[in-house]
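Annotation source TrEMBL lists active site, proton acceptor at Asp285. Taken from TrEMBL, the feature substrate binding site applies to Asn11, Ile12, Asp13, Gly39, Lys40, Gly41, Ala42, Asn43, Glu143, Asp285. Here TrEMBL flags Asn187, Thr241, Val242, Gly243, Ala244, Arg245, Gly246, Gly284, Asp285 as ATP binding site. Sequence annotations record features per position, and here TrEMBL assigns K(+) binding site to Asp279, Thr281, Ala334, Met337, Gly339, Ser343. The domain 'Carbohydrate kinase PfkB' annotation in TrEMBL covers 2-346.
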Amino acid sequence: MPTILCLGSINIDDVFTVPHIVTPGETLASTHYKVSPGGKGANQSVALAKAGAAPLHAGIIGPDGRWVRDLMRSHGVDIRLIELNPDLSTGRAIIQHRETSGENAIVLFAGANHAVTRAWADGVLDGVDATQEQDRWIVMQNEISAGGNVMASAVAKGFVVVFNPAPFHASVLDTFPIAQVHVLVFNEIEFAGFIDAIEGGSPRRPADVVDTLMAGDTEESRRLFQSALRRGSSCALLVVTVGARGVVACVVRRAPETGDVLSLDVLFRPTLPDVHVADTTAAGDTFVGYLVAALAKSKEVRTYSKQGASVGLDVFKAAVEEALARATVAAGMACEMEGAMGSVPEKKRVDSRGHSLGWW
């Protein structure tokens, strides 16, 4: 099994249950309040662990975050690369959870997550086993400081790079080495923002982007993928989750010598049926963790992800299909429980649910 490092945020989530998401100028009474562990990085590490991987997590917390770190360890995450800074507060997420639909809105306070520096990350990356260069993966999000510099170091050290640019803003294109990312994972809002940042012009409605992607393997959907891949010039797999409508993925075949795109294969996976939504907070992070855990199992997939080689395309596509199926089941199941980290389902439950549907 490869080494999978998730270098990302660790938060404490303050969750307010509300009748609807608050609007500007409105004061709204919450019907319930709870404190939960969170952070996209921490959640994805736990999802990796519950999916059967043995992830390392690297990040920074304050003294108030000890309990989150310890909980991550109890879920199977290797926490030796988590630093405790006594002078900082752990990052916070203020979450509004709509009780009738499970929808949420989130405000972030970075806290210790923004104490990450390239020098600190270089020490972390150097500490990850380098005996088998192609067996090292790094999973990153956009909730820490110096993320682009950290990613550049990971690229230079030979990691397979998975990037979930969430939360997305246009500066990602300038601050992260997108051209060196091997696997890109977006939700529909992030993907629409990514395309807007590349092409300019009037902002696209995420719903319109979803309609284009879900219309099938059309000229316009391929144009969107090709536009994204002009910036992601090392990308072998681009994934867009589209909420209740499922997931769309683009498998890229490149010329080994030049990296030029030779072909695109667009794959579709419907959402998990019969989901009784309680809370969507952890769905995206659960998807990423299960996706990467499944992809990283195969040495051929690791080689293809990193090199974009034309050989092994069929093996890569088959592995992507399986990974999408497992990630979709896990993400759907995560919506059936409240909370973030605690709602990530165990692998045996995911295996059973998928088997009952005939998905594997």
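Even glycines carry a Cβ here, placed using N, Cα and C.
A map of TrEMBL features onto the structure.
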| residue | record | Cβ contacts under 8 Å, 6 or more apart |
| --- | --- | --- |
| Lys40 | substrate binding site | Gly8, Ser9, Gln141, Glu143, Asn164, Ala166, Gly284, Asp285 |
| Ala42 | substrate binding site | Gly8, Ser9, Ile10, Asn11, His57, Gly59, Val68, Met72, Met341 |
| Asn187 | ATP binding site | Ala166, Val240, Thr241, Val242, Gly243, Gly284 |
| Gly246 | ATP binding site | Met214, Phe268, Arg269, Pro270, Thr271, Thr328 |
| Thr281 | K(+) binding site | Asp13, Val15, Gly38, Ile95, His97, Asn104, Ile106, Gly339, Ala340, Ser343 |
| Ala334 | K(+) binding site | Ala282, Ala283, Thr286, Ser343, Val344, Pro345 |
| Met337 | K(+) binding site | Ala278, Asp279, Ser343 |
Could you tell me which three-state DSSP class Val242 (ATP binding site) falls into? coil
Give the maximum pairwise CA distance in Å, whole number, for the residues Asn187, Thr241, Val242, Gly243, Ala244, Arg245, Gly246, Gly284, Asp285 listed as binding ATP. 17
Cβ proximity for Ala244 (ATP binding site), under 8 A, sequence spacing 6+, ordered by residue number, returns Thr271
Compute the mean position of the Cβ atoms of Asp279, Thr281, Ala334, Met337, Gly339, Ser343, which form the recorded K(+) site, and then list in sequence order the other residues of that chain whose Cβ is within 8 Å of it. Ala278, Thr280, Ala282, Ala283, Cys335, Glu336, Glu338, Ala340, Gly342, Val344
Counting Cβ neighbours within 10 Å across all chains shown, tell me which of the binding-site residues Asn11, Ser343 comes out on top. Asn11
Tell me which of the recorded positions Asp13, Glu143, Asp279, Asp285 sits in the most Cβ-dense spot, judged by other Cβ atoms within 10 Å. Asp285
What is the number of other Cβ atoms found within 10 Å of the Cβ of Val242 (ATP binding site)? 21
Ten-angstrom check, please: count other Cβ atoms within 10 Å of the Cβ of Gly339 (K(+) binding site), all chains counted. 20
Beyond the listed site residues Asn11, Ile12, Asp13, Gly39, Lys40, Gly41, Ala42, Asn43, Glu143, Asp285, identify every same-chain residue whose Cβ lies within 8 Å of the center of their Cβ atoms for the substrate site. Gly8, Ser9, Ile10, Pro37, Gly38, Gly91, Ala93, Ala340, Met341
